[in-house]
């Protein structure tokens, strides 16, 4: 079929709406290109957090959740909600995969290691899930249980780990369910950009007990703060007795459960610990007894998971493919999974008629505040070429800058990131105009519109609960009104714009009247 309109959907990652100017990188930077493009055309606000995207009430959204909802055209209830319900009801403790792992490690007389992000952020993990796993291990009489605590500082304030780790230590002491064995910033343990040198340092601490030593977790964190190293960047630290013996390193035959429910930042460490073949660094011949993921981290990983994927059917990209339309996806490395895997409903699939292009994120800087433009200009150049080719009917692009630089807490850098993305929008607006495309601009969640925590005065490095914009830019829609909505309204809206039949499973009415 021939669509009524061809559409470019731009997702400005971490670009929320907040009216106040103070510490608002978007307002302070100014967006002259976006303002010029969007001013004559319809605009509305979309909710991106809590129940609106299938998360618990008051829980901030994230890129994984956002892109899944955008592609599905309905509210997709997230793993966090599913696992919360299982933990609260006792269903988790009866999970057959969990019981097999616990009974196996007990029978073997080996240790159980629980790895994951100790954080209330709710983006990658939940402390309630960790507590439920610890209780289950005690109920199954597992004798040796160790927690390897990864510290946040991105989805939480940058120096907030002491409170969360103290809560964990209190729980462990009161319930006699285990001990903390290592403390590591997520910068090392949760890389997703193939920076294997970081993962290697985490592995060395987990498996060999190598790295800085500390008598307990709180001392390790305080020592890092004294060196002006915040939670995210705490070096992999081994908790050890007075003679230097590690509290609990991962050894041959042990069992590991990675309790992060979000996949993208759990994959690399999982590969290092559990894959039979691995060539990125010398692992020293570790052979685990069991390795269990909280969720399915990748369809190609032949590893058991406590919760299998709940994948939405008849989603927007699938609809495009069935109609014989050509689609193009692009982003830089940091957000490439979001415009592919997550937009495709959590599937490792390339639909018929779907082309992709990955632009590498910068690797010459440690953090992106040092290069706020990241790879936005390269992404834009490739996308303009594809729009001008006349080959496609739909295109999706994600600009990572507002989110990735926003996570640094550096207002000046975030403003530069905003300016770079605004320039790119100007170029894309011109390309859409000369090719007759509709330009739809939105975001998956907020971030850089609030760079300082209003309560503490510290840098704000997490996502926000703020709504995000939705612009529909094309002369055919001048003067039309858009309803306020949620991210799941985007796909039904694009179906109407393109003249496509909306699937029954897309149960949202969209934003157009």
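Positions of Cβ are set from backbone N, Cα and C atoms, glycine also.
Predicted, not measured: the structure shown is a model, and the values here were computed from it.
Residues annotated as active site, phosphoserine intermediate in Swiss-Prot, with sequence analysis given as evidence: 63. Taking a C-beta cut-off of under 8 Å and a sequence gap of six or more, residue 63 (active site, phosphoserine intermediate) has these contacts in its own chain: 13, 335, 338, 342, 403, 444, 445.
Look at Swiss-Prot and you will find 13, 63, 444, 445 tagged as Mn(2+) 2 binding site, backed by sequence analysis. With a 10 A radius on its CB, residue 13 (Mn(2+) 2 binding site) counts 26 other CB atoms from all the protein chains.
Within the same chain, the residues at least 6 positions away from residue 124 (substrate binding site) whose Cβ sits under 8 Å from its Cβ are 116, 117, 155, 190, 260, 261, 262, 265, 266, listed in sequence order. The DSSP secondary structure for residue 124 (substrate binding site) is coil. Annotation source Swiss-Prot lists substrate binding site at 124, 154, 155, 186, 192, 262, 263, 264, 265, 335, citing sequence analysis.
Residue 463 (Mn(2+) 1 binding site) has a Cβ environment of 30 other Cβ atoms inside 10 Å. Feature annotation from Swiss-Prot assigns Mn(2+) 1 binding site to 403, 407, 463; the stated evidence is sequence analysis.
Taking the C-alpha positions, the distance from residue 263 (substrate binding site) to residue 463 (Mn(2+) 1 binding site) comes to 18 Å. Remark: residue 407 (Mn(2+) 1 binding site) has 14, 154, 447, 461, 462 as non-local neighbours, by Cβ distance under 8 Å and separation of at least 6 in sequence.
Residue 403 (Mn(2+) 1 binding site) falls within a helical segment according to DSSP.
Taking a C-beta cut-off of under 8 Å and a sequence gap of six or more, residue 192 (substrate binding site) has these contacts in its own chain: 264, 265, 267, 268, 334, 337. One way to see the shell of the Mn(2+) 2 site is to take the Cβ centroid of 13, 63, 444, 445; the remaining same-chain residues with a Cβ within 8 Å of it are 11, 14, 48, 61, 62, 66, 67, 335, 338, 398, 403, 443, 447, 463.
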